[in-house]
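According to TrEMBL, the features are:
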{"type": "BINDING", "residues": "H92, H94, E101, H140", "note": "Fe cation binding site"}
{"type": "DOMAIN", "residues": "27-193", "note": "domain 'Glucose-6-phosphate isomerase prokaryote'"}
Amino acid sequence: MTRLFEPTRCQVDPSTGAMGNATGSYQKRFLDLDGLYADAAAFEAMRATWGERIVYEVSEFRPTEQPGDLIFGVTRMAPGKVGDEYFMTRGHIHKQADRPEIYYGQKGHGLMLMESPEGEIRILPVHAQTVCYVPPYWIHRSINVGEDDLVMLFCYPADSGQGYEIIARSGGMRSRVVTGDEGWKAVDNPDWRPRDAKLISALYARQSRTVPA
Ligand SMILES: [Fe+2]
């Protein structure tokens, strides 16, 4: 018997990043992002003023986690920097690594930083009304390089899942985004370590699409 779900509409407020009819939400406070940034001393210096403040938050509509279904929502990220490095999300790869994602800019000036399993980097600016396609297999993280909130809508297959450890195991993403002479610039992350061939082939494996533990 088919279980029929009720169609839903969610109103998005681009100015605040709020989404009506959300089924869930979460916030990342500054303290939750310890270890993400290159400049640990700058992070410590900001702890007193920023500690409990929200760096980014997500409201989502998650009907089910069944293959073929969709999860969508809105993310809002505050502007700011730790040292010279812009505020960013933790970043992830989809546990079902062949699952893609769409981001749609609503407000502000952001970047989508993407890294392939082999360590190739792509950086795409996302502004209001920019649609950004994150293809399967790319690790992705969003970065706020503007002076205002960055608000984006996202949508991905409901069975994607999110794997965070792949970034930590490599010593971070291969590029960091910092202030440059004219806006932002990407610099190499000296702590980055390449993934071994076994992990890369496991990520691409057709039979086992789940990120290895
Ligand atoms: Fe994602």
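For all residues, glycine too, the Cβ spot is worked out from N, Cα and C.
A TrEMBL annotation is a machine prediction, not a hand-curated record.
Positions of TrEMBL features highlighted on the structure.
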residue : record                 : Cβ within 10 Å
H92     : Fe cation binding site : 19
H94     : Fe cation binding site : 25
E101    : Fe cation binding site : 20
H140    : Fe cation binding site : 23
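Excluding H92, H94, E101, H140, which define the Fe cation site, the same chain contributes I93, R99, V134, W138, I139, Y156, S160, Q162 within 8 Å (Cβ to the Cβ centroid), listed in sequence order. Look at E101 (Fe cation binding site): DSSP puts it in a strand. When pLDDT values are averaged over the domain 'Glucose-6-phosphate isomerase prokaryote' (27-193), the model yields 97. Annotation note: H94 (Fe cation binding site) sits in a coil segment as assigned by DSSP.
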